[in-house]
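**Q** Take this structure first; my questions come after.
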Ligand code: KIV
């Protein structure tokens, strides 16, 4: 696979070409993903749940993400690698700069932050200092205790309109990717069409520019709960390499997510 940059993703958006992405946490799976030409990987703080067996992402530390970012970069030298900034690692812009530097030094090409318009100053400061940012909107799992559970976001008009404004404000501040989690497909379409930067979705229908899955869900090996919008591609294909290839092909053809894996 050739080296993937943000410019490739912007070009694909302009051409209407969909792209698949996945979480990854170690060199072996990162190598498998790269062998199937997965262009973007995320070291997600979902590692708290799928690797550490925690109930949520809150216990994950910057050091955890640094360790796994280094491993993924070793296995996939050419993907565009995003790394999650964990809970409370970007509470102030100063903290965000210090911790983002650790993730970039570990091999990330971009950091992902969960939030809304309160993040505008932080995104501006990071991007001005050469740290590319992906802004994660919708169901932001670090806010599970504020939301009172893992709930679909942006269902009512007021919150949907606010999410559109937040996405535009974060793009204006310098965010180069927006990730939407668990939002109605209609709202995901509105945001994807309103933004110039690529939009990656999970539980947001097949209307976004890219899709992401937690790799354990793709292989049907998540310990606890399998979200409605996730799909076990291993069950359908029988081996991991074919499962990854099928996921990528189905995203590129818009066959995934279908109606059964979409939040109305
Ligand atoms: O941590 C993670 O894996 C994520 C994805 C669900 C997008 O943020």
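Glycine residues also receive a Cβ, built from the backbone N, Cα and C atoms like all the rest.
Where the annotation comes from TrEMBL, it is an automatic prediction and has not been curated.
Remember, it's a predicted structure, so these values are computed and weren't measured experimentally.
Okay, these came from TrEMBL:
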ACT_SITE  181  active site, proton acceptor
BINDING   45, 84, 114  Mg(2+) binding site
BINDING   45, 46, 84, 112  3-methyl-2-oxobutanoate binding site
**Q** Considering the binding-site residues 45, 84, 114, which residue's Cβ sits among the greatest number of other Cβ atoms within 10 Å?
**A** 84
**Q** Same chain only, sequence gap of 6 or more: which residues have a CB within under 8 Å of the CB of the residue listed as 'active site, proton acceptor'?
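**A** 136, 137, 138, 139, 140, 141, 153, 201, 202, 203, 204 - these are the non-local Cβ neighbours of the residue listed as 'active site, proton acceptor', listed in sequence order.
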**Q** Express the distance between the Cα positions of residue 46 (3-methyl-2-oxobutanoate binding site) and residue 84 (Mg(2+) binding site) as a whole number of Å.
**A** 9
**Q** According to DSSP, collapsed to three classes, what secondary structure does residue 84 (Mg(2+) binding site) have?
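**A** Reduced to three states, the DSSP call for residue 84 (Mg(2+) binding site) is strand.
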**Q** Please classify the secondary structure at residue 46 (3-methyl-2-oxobutanoate binding site) using three-state DSSP.
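**A** The residue in question, residue 46 (3-methyl-2-oxobutanoate binding site), is coil (DSSP, three-state).
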**Q** Measure from the Cβ of residue 112 (3-methyl-2-oxobutanoate binding site) and count the other Cβ atoms within 10 Å, all protein chains considered.
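**A** So the number of other Cβ atoms within 10 Å of residue 112 (3-methyl-2-oxobutanoate binding site) is 23.
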**Q** Given the Mg(2+) site residues 45, 84, 114, which other residues of that chain have a Cβ within 8 Å of the mean position of their Cβ atoms, reported in sequence order?
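**A** Surrounding the site, in chain order, are 44, 46, 57, 60, 85, 86, 87, 112, 113, 136, 141, 142.
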**Q** How far is it from residue 84 (Mg(2+) binding site) to residue 112 (3-methyl-2-oxobutanoate binding site), counting Cα to Cα, in Å?
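**A** Here the two Cα atoms are 5 Å apart.
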**Q** How many Å lie between the Cα of residue 45 (Mg(2+) binding site) and the Cα of residue 112 (3-methyl-2-oxobutanoate binding site)?
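**A** Cα-Cα, rounded: 10 Å.
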